[in-house]
Amino acid sequence: MRFKSVFTLLPLLAQLPSGGASLPNNHGRVENCVRNHDGIHKFRHSNNTYQSMFPGVTWDEDQWVLTTSSLDQGHYQSRGSVANGYIGISVSSVGPFFELDLPVAGDVINGWPLYSRRQSFATISGFFDIQAETNGSNFPWMNQYGGESVISGVPHWSGLILDLGDDDYLDSTVDNVTLSDFKSSYDFKAGVLSWSYTWTPAGDKGSYAITYRLFANKLNVNQAVVDMEITPSQDGHATIVNVLDGYSAVRTDFVESQEDDGAIYSAVRPWGIPDVSAYFYANITGSKHVDLSSRRLIHGKPYVSANESSIAQAADVNFVANEKVRITKFVGAASTDAFPDPQATAKRAVSEALDAGYQRSLRSHVQEWASIMHEDSVDRYVNPTTGKLPDDDNIINSAIIAVANTYYLLQNTVGKNAIRAAQDAPLNVNSFSVGGLVSDSYAGLVFWDADVWMQPGLVASHPEAAQAVTNYRTKLYPQAKKNIETTYTGSKNATYIDPSAAIYPWTSGRFGNCTGTGACWDYQYHLNGDIGLSLIYQWVVSGDTNTFREKHFPIYDSVAALYGSIVERNGSYWTLTNMTDPDEYANHIDAGGFTMPMISETLEYANQFRQQFGLEPNETWTEISENVLVLRENGVTLEYTTMNGTAAVKQADIVLVTYPLVYDNYTAETALTDLDYYANRQSADGPAMTWAIFSIAAGAVSPSGCSAYTYHQYSYAPYARAPFFQLSEQMLDNASINGGTHPAYPFLTGHGGANQVVLFGYLGLRLLPDDAIHIEPNLPPQIPYVKYRTFYWRGWPISAQSNYTHTVLQRSQSAPLDTADRRFANTSIPVFVGLADNATLHHLPPHGPLTVRNREIGTINTIEDNLIQCSPVSSTDAFEQGQFPISVVDGATSTRWQPSSSNASAVTVNLGSTTGRSVQTVASGFHFDWAAAPPVNASVIFHDTPLSDPVAALSSPGPHVRIVANLTNIEQSGPYDPEATDLNEIKIPVGNTTRIELAQEVPVGRYATLVISGNQALAQADGEDHVGATVAEWAILGPKSGSPRRRIQPVPLL
């Protein structure tokens, strides 16, 4: 039964500020960040610090700082990533050094299509080469038509080495036994990565307190800074070595390197591009004990690779015991793609940084980050009254990833202030590669990842930064039109293609032509519609109708012309043959279940825009749009015509029809059926971004429960890596057990997906090209409160906040965009709340709030009389990746808890006052859905205090512990029968269930614990410990006379 909250709107409205959200105090933030990193003051953590999901890693919620005391050398997952949208670099876990990976399970290989060695990477925006082929390909025979264009590296520019002589030096290979008091922090407010520790090399050379700080200047994007402090324990002599290491300059030809006015520089050009080069200059300053006059080039050192583009310069240092020595390295960089004279630009950049010095450089950098990524630009979970995060590990980690997602995406964009500072150089025009500027995973190519996964969440809150995506597609539009001439390379060679059409390749680098990795024809045609969606989003958030009409609508119309040309009649329907949907496990199929709706929507919108801009609609497009072929079986939308029930799915496909497509000819009932079916068919070896879409779709179409919250955790937690919450492409990084994938890292696609959940899921925002805001708020009960990041609609900033029952919208006090639609300057904005076929119209006034009711499906029971749905859950037992304990109470059978051990494992539900439910109620029975792998035995324990060892409590209950149910040799309600089961049939799976009716009602304690053991899905019990059983849902049934109404006391909205 849906709970009707006793919460009234009057207190909520009384606490709202009349003028909108308060502006962030950027001055105080800047001063605090500068103080923390100026090298004069000691870094001070706030009192609002929490333990993260990773041992030894803490999170400072007030300052947005991750700090680790754990050192993991030689592994790509622990490397820090630093970028400013123009230059980027990955550095070792022990300092700003170049690093080669150490083998794990014999593997040091990055993935398709390069299959190159894992190592630190550095590059500069747009630095793509041209080469005949790559080690992997989709259509290798296509290389005869022009070859590939993949990202090239540049010299690794951040190295600053302390060399004591006699082979004692500090770089990425330092022996960790010589290090103590290790800490490394990533300050996301300051944009500074830092390290501190004591290095005590073997012998009698004393010890050295070391601090490093690294940042790529966010305002002056041609500049970067490395700051080093050394405090020796005894007198001595050493050298400081300024290194530009050519080992990371992969796929380049050497141009030149030498000293120049005290600085050193190295220049390279990408393979096959003779008129493009990148120059990197580096110079150092030092405190009084650093002899800058002694600077000289050195060779043959083990920390400087023998690559031709490597160059290193040493300076002498005289140590005095306990006196700090400080060395600051300034870097200047430029390439021909953005600057006509890259050498002069890079030299000027390093000189200007040197003149500015560390403090002014740091301040300008921090100020720019504060203006771009202010407090209101990130989803916040802190209680508005206490300023603290809830005492819930999932929410704490969600708060961390909310900041990390935004930061890692933004550090791959260039803001308008930086563009202005660079005299309007073409800087924000190269979109996002899968790994950004710090990785050559997926060859640094641009995929649909940028348009569908990274752009939507970013463009809503940072429209100007996100222009990188649409600017890139606009830049390559002429080539996309030329690609139409290449139909001879595919099965459409005899098809008439409208000359106004355009087609983009699946992968894209410098040129945007059709290649072996980036086919145009007979592959993922949906990409072109994906690009169309990103153009619409940019328009809706910016209000810039002129840019859309003049630059983006022509692209959109060309995509419509493409779709109108390549479909063909199939009876009374239109279909597309020899294509691939987003699910790349099924290639060269017909009538893709996502692509066909994408074609329909694209054609419909194209005609709508034509009318809006005074052009004649295309009647054929209308006819096609209304009659695309979409096949269903047992209510499930098929991915392709020959699909059967054995098909596993690589990544989000049909679920994309619900969001982001928002397909008109698609009911909520069908969307729910598709959600439940494909959640069960999703491969565990699929990439990270998938589950974000399941979360958003579940929030939109599920009639009950809180699986959206489970999927939210699934969207990032199994993929996050210590220490800095960068996401991997895979849940398991070992290619020998994850289906053979060498995961991309960092996987910005995953960050982009997770970055959409809160705004498009919990708020239910949809960026539709009309004159209204569209939302459908539905905050899970586990989250007491969320303040959504400020989002833009038609150029106007909108703030929103939710508790469980209500959502408040109002115009933010932040300035509107320069492109804001002036029609809404002083008038109300229409707001539709709910699904399109059942939406309610509201109006957001120019001043003051709009309050709307949430869906509140978390308190609608999936299983009647369930007392514990969406209650707090905990477990101390290890569980399989993504198979969270919270799954057992989320009201959905498509999510599951699966402990890693088939020995006894326990999950505990808190029925106490945190959920507003009285603990005086009684239980009349239990319902279990075991999914496909029931346990052998199970027990239910009621208790009033937490149990340190629930398994031990089974044999020794104690005075406040009641064993309420014992199930042994659990009978399967639906055992697998190979004779009767048609594996080819497409239908939603039904799990094994058990229902227990108690002889008499039993009082429920504050806690209830389920203990399971064994796994009936295993072939046989051989005495070994295997993976545990599955629990899809556990319900405690309330009194037979009717369970008490669940009450959730909402957090007041300020």
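In case you wondered, yes, glycine gets a Cβ from its N, Cα and C as well.
Annotated signal peptide per Swiss-Prot: 1-21, in sequence order, evidence recorded as sequence analysis.
Annotated N-linked glycosylation site per Swiss-Prot: Asn176 (among others), in sequence order. Summarising the environment of Asn176 (N-linked glycosylation site), the number of other Cβ atoms within 10 Å of its Cβ, over all protein chains shown, is 13. Under the DSSP three-state reduction, Asn176 (N-linked glycosylation site) is assigned to helix.
What Swiss-Prot records for Asn283 (among others) is N-linked glycosylation site, and it gives sequence analysis as the kind of evidence. Over all protein chains present, the Cβ of Asn283 (N-linked glycosylation site) has 25 other Cβ atoms lying within 10 Å.
Classification of Asn307 (N-linked glycosylation site) by DSSP places it in coil, neither helical nor stranded. Of all Cβ atoms in the shown protein chains, 19 besides its own fall within 10 Å of the Cβ of Asn307 (N-linked glycosylation site). Residues or ranges marked as N-linked glycosylation site by Swiss-Prot: Asn307 (among others).
Residues annotated as substrate binding site in Swiss-Prot, with similarity to another entry given as evidence: Trp448, Asp449, Lys650, Gln651. Packing around Gln651 (substrate binding site) is summarised by its Cβ count: 22 other Cβ atoms lie within 10 angstroms of its Cβ, all protein chains included. The DSSP secondary structure for Gln651 (substrate binding site) is coil.
On its own chain, Asn513 (N-linked glycosylation site) has Tyr145, Gly146, Ser149, Gln479, Lys482, Asn483, Pro505 as residues at least 6 apart in sequence with a Cβ closer than 8 Å to its own Cβ. Taken from Swiss-Prot, the feature N-linked glycosylation site applies to Asn513 (among others).
With a cut-off of 8 Å between CB atoms and residues at least 6 apart in sequence, the same chain places Ala591, Leu629 near Asn570 (N-linked glycosylation site), listed in sequence order. What Swiss-Prot records for Asn570 (among others) is N-linked glycosylation site, and it gives sequence analysis as the kind of evidence.
In the three-state DSSP assignment, the secondary structure recorded for Glu584 (active site, proton donor) is coil. Per Swiss-Prot, the feature active site, proton donor maps to Glu584.
Annotation comment: Swiss-Prot describes Asn618 (among others) as N-linked glycosylation site. In sequence order, Ala560, Gly564, Leu603, Ala606, Asn607, Arg610 constitute the residues six or more apart from Asn618 (N-linked glycosylation site) in its chain with CB-CB distances below 8 Å.
Positions annotated as N-linked glycosylation site by Swiss-Prot, on the basis of sequence analysis: Asn644 (among others). In sequence order, Leu983, Asn984, Glu985, Ile986 are the residues of the chain that are 6 or more apart from Asn644 (N-linked glycosylation site) and have a CB within less than 8 Å of its CB.
Asn665 (N-linked glycosylation site) is surrounded by 15 other CB atoms, counting those within 10 A of its CB over all protein chains shown. Look at Asn665 (N-linked glycosylation site): DSSP puts it in coil. Annotation comment: Swiss-Prot describes Asn665 (among others) as N-linked glycosylation site, evidence class sequence analysis.
Around the Cβ of Asn734 (N-linked glycosylation site), the number of neighbouring Cβ atoms within 10 Å comes to 13. The secondary structure of Asn734 (N-linked glycosylation site), as reduced to three states from DSSP, is coil rather than helix or strand. Residues or ranges marked as N-linked glycosylation site by Swiss-Prot: Asn734 (among others).
Look at Swiss-Prot and you will find Asn838 (among others) tagged as N-linked glycosylation site. Around Asn838 (N-linked glycosylation site), there are no C-beta neighbours below 8 angstroms that are at least 6 residues distant in the chain.
The N-linked glycosylation site feature in Swiss-Prot is assigned to Asn937 (among others); the stated evidence is sequence analysis. Over all protein chains present, the Cβ of Asn937 (N-linked glycosylation site) has 17 other Cβ atoms lying within 10 Å.
Proximity of Asn992 (N-linked glycosylation site) to non-local residues of its own chain (separation of 6 or more, Cβ distance below 8 Å) is seen for Asp929, Trp930, Ala931, Ala932, Pro934, Gln972, Ser973, Gly974, Pro975, given in sequence order. What Swiss-Prot records for Asn992 (among others) is N-linked glycosylation site, and it gives sequence analysis as the kind of evidence.
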Between any two of Trp448, Asp449, Lys650, Gln651, the residues recorded as binding substrate, what is the biggest Cα to Cα distance in Å?
15
For Trp448 (substrate binding site), which residues of its chain lie six or more apart in sequence with Cβ-Cβ distance below 8 Å?
Trp506, Gln524, His526, Leu527, Asp530, Pro582
When the Cα of Gln651 (substrate binding site) is compared with the Cα of each of the recorded positions Glu584, Asn665, Asn734, which one is closest?
Glu584
Reported as an integer number of Å, what is the Cα distance between Glu584 (active site, proton donor) and Lys650 (substrate binding site)?
6
With H, G and I counted as helix, E and B as strand and the rest as coil, say where DSSP puts Asn992 (N-linked glycosylation site).
strand
Quick one, of the recorded positions Asp449, Glu584, which Cβ has the fewest other Cβ within 10 Å?
Glu584
I need the CA-to-CA distance for Asn307 (N-linked glycosylation site) versus Asn283 (N-linked glycosylation site), whole Å please.
20
So of all those recorded positions, Asn176, Lys650, Asn937, which one's Cα sits nearest to Asn283 (N-linked glycosylation site)?
Asn176
Measuring Cα to Cα, how many angstrom lie between Asn176 (N-linked glycosylation site) and Asn665 (N-linked glycosylation site)?
60
Nearest-integer angstrom distance between the alpha carbons (Cα) of Asp449 (substrate binding site) and Asn665 (N-linked glycosylation site):
25
For the substrate site built from Trp448, Asp449, Lys650, Gln651, further residues of that chain with CB within 8 A of the site's CB center:
Phe447, Val452, Trp453, Pro582, Glu584, Ala652, Pro687, Met689, Thr690, Thr749
For Asn734 (N-linked glycosylation site), identify the closest of the recorded positions Lys650, Asn665, Asn937, judging by Cα separation.
Lys650
